[in-house]
Amino acid sequence: MFVPRSLKIKRNANDDGKSCVAKIIKPDPEDLQLDKSRDVPVDAVATEAATIDRHISESCPFPSPGGQLAEVHSVSPEQGAKDSHPSEEPVKSFSKTQRWAEPGEPICVVCGRYGEYICDKTDEDVCSLECKAKHLLQVKEKEEKSKLSNPQKADSEPESPLNASYVYKEHPFILNLQEDQIENLKQQLGILVQGQEVTRPIIDFEHCSLPEVLNHNLKKSGYEVPTPIQMQMIPVGLLGRDILASADTGSGKTAAFLLPVIMRALFESKTPSALILTPTRELAIQIERQAKELMSGLPRMKTVLLVGGLPLPPQLYRLQQHVKVIIATPGRLLDIIKQSSVELCGVKIVVVDEADTMLKMGFQQQVLDILENIPNDCQTILVSATIPTSIEQLASQLLHNPVRIITGEKNLPCANVRQIILWVEDPAKKKKLFEILNDKKLFKPPVLVFVDCKLGADLLSEAVQKITGLKSISIHSEKSQIERKNILKGLLEGDYEVVVSTGVLGRGLDLISVRLVVNFDMPSSMDEYVHQIGRVGRLGQNGTAITFINNNSKRLFWDIAKRVKPTGSILPPQLLNSPYLHDQKRKEQQKDKQTQNDLVTGANLMDIIRKHDKSNSQK
């Protein structure tokens, strides 16, 4: 049998309290045609249906309207008459009667329809009794093939390959390295660490002594060698230390916190035991996908996605299925907490991803309200591409004896990105963009173009397709969640040559296929600039970022010069000769000089005393 996600029972006065009435659904002609090719033993489905009926006749949990589990027991005819409701549907027998899944909803592992139920034997999502029977047959056949191909391994392998607990210990290879070798390694890789008694970085994932299943999943997902941030952050996280981490965009921060999350949740009995907070739906969906890839094959490891823009009832019900890891946006999770539909007292590790974006989007108080429901001894990890002063202040509030890990220079663009700054007046921007898209050396589809408004994104996308003939599409916050998900999928699969976007794609998303970014409109801050050009250069890949500037960005001229020029990029003469740049430079130098004068040193001590005496005498 399996556990239904949202099962409803009809009770009439004449019923015995145990019967189910099916909702009649007319199948689509396509479904009927597809079903002719299906070959499922009818007796398997019938047996499963009988089992479900027996299960329903006993005490069985169902979700109440408020999202809480309610016990359903046999009731008397009198009570049944009181509680009778309009006709409601039972467990679906055939997949053709099940609807297709909406974005973010669980998907049947057999046919891809809405995974309304969870198979109790495998914890996989299925849509009907038919697909459950198919799924169990597939599992059985796979097990038999595995035994035939390697009988000795099948006999020797224990049912549960995991130990009762996990404690990270430094690998003998790492222990045998000299201290100067470790320091040289950190220096060569650009790893800066601050904190007390910080463990050494790993050089290979196998140095963590992770379960074999997890090591296999890492390789399958393309993680061959850890990146610098992963080398230091993973062992520190596995030891349970609080962390404030900053690294270049695309440096592998997600996997760096997912491994400690998985290992912590794997050996915890309480559910949920891990929480990951992200500022946007798209980032949450991406993190859950990566988490599922790494968790595949690990026992009792389930995730739930709690984000706005997707139906709430399936999320509430999924919460009741003993999920280990919650991946959520602050607003949706706080709403669920206020409904008392989730308990976070068992959470042992919390990750706040893209923490600086959280603050800029006004989520700081929501994050703090959520963390008030977390135990005080919970491990906390703050992750971001940049660490402004506001993040430093938040870290001082949330973290206890933290380890600060920084790879690359704070708040600087990724070194793998070739940056080109062009002076382009507003009327000439479209023409310049079309020139870039027609340049064989620069044009490497798909190209991501950033603009500063939604209407501008739509109009520019239409112009690109009309003038250049390239397949172009726009994406922004006014597009529906389904549209945005399909556009993202199309971008990753190469369906679009140009995507024109507002800042919705500027943070956190791994767009591995993108090699060229054009900032059609200069972002409003250098932090946003860092994130937007960071859509290229992901995970060590090289890329190019072209930015159009003019006097509309005059307040950022000195910041652009300071941060971009050291990378070797040639800046346009209009920028270097701008009076705005020189004025900003002069003001900053005066500010620095004033700061130095305010510092009391042996050299200026007497001057400060004389100045103080003079000001007092004038009074």
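Keep in mind that glycine also has a Cβ here, set from the backbone N, Cα and C atoms.
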In Swiss-Prot, which of 174-202, 203-231, 464-492, 522-550 is tagged motif 'Q motif'? 203-231
Please find, within the list 101-104, 337-340, 353-356, the residue stretch that Swiss-Prot describes as motif 'DEAD box'. 353-356
Between Ser93, Ser149, Ser156, which does Swiss-Prot record as phosphoserine? Ser156
Swiss-Prot annotates one residue of Ser160, Ser578 as phosphoserine; which residue is it? Ser160
For the record in Swiss-Prot, which of the ranges 142-161, 582-601 is the region 'Disordered' one? 142-161
With the cut-off at Cβ under 8 Å and a gap of six or more residues from its ends, the chain residues touching the motif 'Q motif' (203-231) are 161-162, 168-171, 173-174, 185, 189-191, 238, 245, 247, 251-253, 255-256, 259, 262-263, 266, 290, 293-298, 405, 407, 539-540
If you average the pLDDT over the motif 'Q motif' (203-231), what number do you get? 90
The motif 'DEAD box' (353-356), counted residue by residue under DSSP: helix, strand, coil: 2 helix, 0 strand, 2 coil
Going by DSSP, how much of the motif 'Q motif' (203-231) is helix, how much is strand and how much is coil, in residues? 17 helix, 0 strand, 12 coil
